[in-house]
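Following: one structure in structure tokens, then a few remarks.
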Amino acid sequence: MLLFAPTPPPSPATAHRRPGGSAASCIRCSSVRELDRSPSRPPLPPLAEAKRVVLVRHGQSTWNADGRIQGSSDFSVLTPKGESQAETSRLMLLADSFDACFTSPLARSRRTAEIIWDTRDKDLIPDYDLREIDLYSFQGLLKHEGKEKYGALFQQWQKNPSDCSIDGHYPVRELWDRAQGCWERILTHEGKSVLVVAHNAVNQALVATSLGLGTEYFRTLLQSNCGASVLDFTPQPGGRPPSVCLNRLNQTPSSPISAESSAGRKSSKRIILVCQGATQSSSEGSLGGVGYAPLNMLGVIQAQKTAELLLDLKVNSIICSPQVAAVDTATAICEVQEAAGCLGADCVPRYVEMKNLLGLEIDDAFLTKQKSLEQIVQSGWMGGMEHQKLKTLWAQSEDAWQALVNELPEDDGAESDRVVVAIGHPAIHLGLLCRCLNLTMDYMPSFHLDDGSISVIDFPDGPKGGGIVRCTNYTAHLGRWSVPITKSTENNDEF
């Protein structure tokens, strides 16, 4: 049985909020643009209790496979590959507990939701505002047909979508307004954990609007077929909007580094942020992994699992913090990379450049004991850090990010392929993510990273064009040691 959520009238026009709800201008990645031109959207509704929302994009559709522009049309269905992806997502989420499932009513999304939801006893809740972006005359066209028929307009859609008007409409701005309305219904629905199954663009808009990011972030936070993104909403006193933390972005059923394109475009340049493995102090509830703390057994396993995952890539250089846990993680990755060329019949030894970067080092002053282990692993834990320490980390992250970007070549020749792996503490990597997205220090608690996780940033337009975030806090490669999608309400002490 399908239950339909009511659709309210459109919300005010485009603007975005920084954490805390104030409207402010922002720039996309490394490009300097002023896009904050309109009144602020209404804030997220206040919450009485914490809520986790898991966003999943539908599996591959027939029009995905054909390279045809879908928009909000409802002619495509899941391919056999798409059905398989949805089944993999079902298995990935099988042990996770959800109180409700919202879905786009379009066939490709609805079918994905049906496969994932499976035998759960509650009804799916279709919401028409969760449909894919409305692309009007572009819908149904193959991409080369769009170029031939619409020329400059199609090029504008590719290069500057937030300012592109199609048939008198601004699709991205309309999408952002729709997403804001969806949050009103999703967050006021009862339950602590909600699954949302929808589409690429609308899921991007949901992530962005929850964090207060404007339309300039369209195509910056990637959503792959059946990729899962997790958002945590924490109630605030005085009826204020909840604080929001992106716990992970685009955790895909398959490896996040196997794809060679980013937002439909190939990318030969990539930075992979690897959070060092766990140490004894981090396992005991401290902001560990600083100074001389070595990896514990869990950290060794995490480092080896990450090294295996990165075998899908040819890593050119590994840049790590000089601290022991980071160096141990880097060494494990380097040894596997260099041995990979000799695993087949033809032995071709490889050399991977490995060097230390002081900017990735975390000072011993950050070794702060938390009240419990749960505090250090929960979303938004950076929000509890002393302001001066946060400020120090933020200043440090600027030079570190620039040093990593400088490792990428500007030219696009055959020799320009470059994969840089940066290894350090989750705290400094949070600063690097915010630098990539050209955000302020206040956004650092809006993201979360776990020990042993990876985050992938692609540069399809080169380092000067800014980064596209393919995924953050990916831990599926850790197998039985991966971080589950939903939080268990039982055995918290054991966790």
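Count begins at 1; order follows the chain as displayed.
The backbone N, Cα and C atoms fix where each Cβ goes, and this holds for glycine too.
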Quick one: sort out which of 1-23, 47-69, 162-184, 438-460 is the region 'Disordered' according to Swiss-Prot.
1-23
Which residue, out of the active-site residues His58, Glu132, shows the minimum number of other Cβ atoms inside 10 Å of its Cβ in this structure?
Glu132
Any idea what the Cα distance is from His58 (active site, tele-phosphohistidine intermediate) over to Glu132 (active site, proton donor/acceptor), rounded to a whole Å?
11
